[in-house]
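A.B. asks: Just passing along the structure, written as structure tokens.
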Amino acid sequence: MANRFAVILAAGQGTRMKSKLHKMLHPVAGRPMVQHVVDQLQQVNLNKIVTIVGFGAEKVKAQLGSSSEFAFQKEQLGTGHAVLQAEDLLKDEKGVTVVACGDTPLIRAETFEELIQYHKKTGAKASILTTKVENPTGYGRVVRNDQDEVERIVEHKDANEGERLIQEINTGTYCFDNQALFAALKEVSNDNAQGEYYLPDVIKILRHQGDTVSAFMTPDFDETIGINDRIALAEAEKIMKKRINEQHMRNGVSIIDPEQTYIEPDVQIESDVILHPGTVLKGETIIRTGAEIGPHSELKDCEVGEDTVIRHSVATSSKVGNRVNIGPYAHIRPESRVGNDTKVGNFVEIKKTNLGDHSKVSHLSYIGDADVGERVNVGCGTITVNYDGTNKYLTTIEDDAFIGCNSNLIAPVTVGKGSYVAAGSTITKNVPENALSIARARQTNKEEYASKFKK
């Protein structure tokens, strides 16, 4: 197989985004758009990827890391000039080079592969990825001759009235013979309305030399859209969301309302999971079979076990076991482990806590920096007081303990196995196994005293 290379154009300023964040780093489905392009290209067995950077170069390089080499475009003088910056890294290589834009995150690896194969099949020096659109305003037009061969690409601003009627457009993605590409780039001029060096002019140069130029048309216009402003960003987000959701549904996941369900690309969901409207699944979340998520729940970097139900709740960087019932309005904060057959009820916050199997924290409690054993019942209003203003401390509640309502456990403290904490207690010392601990003032009743306040 011939050597394969890629050049990704990511040097532009992206002023229409009106953002402090570099355009290429704006996320689509939770992942920077340029990262999507790199990820898809990596699937077509490339020998090298070169990303052209300019504005925000260091941030783009930090995002892509070792997945790409980089060339710097000091002045933004057009797409042809941008590709030319990769000359030192690629000029001596033999093979094919894919040129793609960093703001086209929806192009699939399969389409890149089809373009390369079509390029090889036609024996072309250059192949263009094209598509048809009803309103081609703003796009470069693909001009063909009477034999239906590609003659040139003309940018919208440079197109005459007849050329502007053409509906076949240049998507900005190409496949070139590598050495032919860099030879032709040196002949490109900036004699055009923008005063820039256009990459599409390479097509005209190669045709004048008698070289074959082919065009591979994708029927999916949505796949080719470039993102230049927030409107296009939202459209790309919508398309990517639909693509991801439909793939999960084909794999046996029930999504009640796909338009109201957001799933990022790295999320794994097993079959027979039900996702209700308002579900947001981010990062490397894993949902096991039979689980039911939502409505209105957000999980990030979590693992959720089989047959677990989570409603109206938020969980981050935590592991939830099998047959767990969470919510409504629970918050599972990072580094928590919720065991099997447990309950985390309404208005409960758990942080950096291990909650053992068959234990319950049913309502209105904060359990932070705690190790809770099995079969523990934590009553309503229980607080683990874990912070003294400087340091965090551990609360340990051993197996089969019972914590009464409205109790404060002042860490560091241990509640022993099988022990009881009476409702309303503030516990400052360890509670022995099987003991009853009461730490509250004795009740005093003053007869008829209330009548004094009514006078």
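Cβ coordinates come from backbone N, Cα and C, glycine included.
Dumping what Swiss-Prot says about this protein:
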REGION    1-230  region 'Pyrophosphorylase'
BINDING   9-12, Lys23, Gln73, 78-79, Gly140, Glu155, Asn170, Asn228, Arg333, Lys351, Tyr366, Asn377  UDP-N-acetyl-alpha-D-glucosamine binding site
REGION    231-251  region 'Linker'
REGION    252-455  region 'N-acetyltransferase'
ACT_SITE  His363  active site, proton acceptor
BINDING   Asn386, Tyr387, Ala423, Arg440  acetyl-CoA binding site
A.B. asks: Give the distance between the Cα atoms of Tyr387 (acetyl-CoA binding site) and Tyr366 (UDP-N-acetyl-alpha-D-glucosamine binding site), rounded to the nearest whole Å.
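C.D. replies: Each residue's Cα considered, Tyr387 (acetyl-CoA binding site) and Tyr366 (UDP-N-acetyl-alpha-D-glucosamine binding site) end up 12 Å apart.
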A.B. asks: Would you kindly give the Cα-Cα distance separating Arg440 (acetyl-CoA binding site) and Ala11 (UDP-N-acetyl-alpha-D-glucosamine binding site), rounded to the nearest Å?
C.D. replies: 67
A.B. asks: Please report, as numbers and ranges, the same-chain residues at least 6 past the borders of the region 'Linker' (231-251) whose CB is under 8 Å from any CB of it.
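C.D. replies: Residues 17, 26, 28-29, 33, 105-106, 222, 225, 258, 261-265, 269, 271.
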A.B. asks: Over all pairs in Asn386, Tyr387, Ala423, Arg440, the listed acetyl-CoA binding residues, work out the largest Cα-Cα distance in Å.
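C.D. replies: Farthest Cα pair among residues binding acetyl-CoA: 22 Å.
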A.B. asks: Mind checking which of Tyr366, Tyr387 has the fewest other CB atoms within 10 A of its CB? They're the binding-site residues.
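C.D. replies: Across Tyr366, Tyr387, these binding-site residues, the one with fewest Cβ atoms within 10 Å is Tyr387.
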A.B. asks: For each of Ala11, Ala423, count the other CB atoms within 10 A of its CB; which of these binding-site residues has the top count?
C.D. replies: Ala11
A.B. asks: Between Arg440 (acetyl-CoA binding site) and Tyr366 (UDP-N-acetyl-alpha-D-glucosamine binding site), how far is it from one CA atom to the other, in Å?
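C.D. replies: Between the Cα atoms of Arg440 (acetyl-CoA binding site) and Tyr366 (UDP-N-acetyl-alpha-D-glucosamine binding site), the distance comes to 20 Å.
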A.B. asks: By the DSSP assignment reduced to helix, strand and coil, which category contains Lys23 (UDP-N-acetyl-alpha-D-glucosamine binding site)?
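C.D. replies: Looking at the DSSP assignment, Lys23 (UDP-N-acetyl-alpha-D-glucosamine binding site) belongs to a helix.
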A.B. asks: Of the recorded positions His363, Asn386, Ala423, which sits closest to Leu9 (UDP-N-acetyl-alpha-D-glucosamine binding site) by Cα distance?
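C.D. replies: That would be Asn386, the closest of His363, Asn386, Ala423 to Leu9 (UDP-N-acetyl-alpha-D-glucosamine binding site).
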A.B. asks: Quick one: pull the CA-CA distance for Asn170 (UDP-N-acetyl-alpha-D-glucosamine binding site) versus Asn386 (acetyl-CoA binding site), whole Å only.
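C.D. replies: Asn386 (acetyl-CoA binding site) has its Cα 61 Å from the Cα of Asn170 (UDP-N-acetyl-alpha-D-glucosamine binding site).
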A.B. asks: If H, G and I count as helix, E and B as strand, and all else as coil, what does DSSP give for Ala423 (acetyl-CoA binding site)?
C.D. replies: coil
A.B. asks: What mean pLDDT score does the region 'Linker' (231-251) have in the model?
C.D. replies: 98
A.B. asks: Please list the DSSP helix, strand and coil residue counts for the region 'Linker' (231-251).
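C.D. replies: The region 'Linker' (231-251) comes out at 20 helix, 0 strand, 1 coil.
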A.B. asks: Would you count the other C-beta atoms found within 10 angstroms of the C-beta of the residue listed as 'active site, proton acceptor' for me?
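C.D. replies: For the residue listed as 'active site, proton acceptor', the 10 Å Cβ neighbour count is 19.
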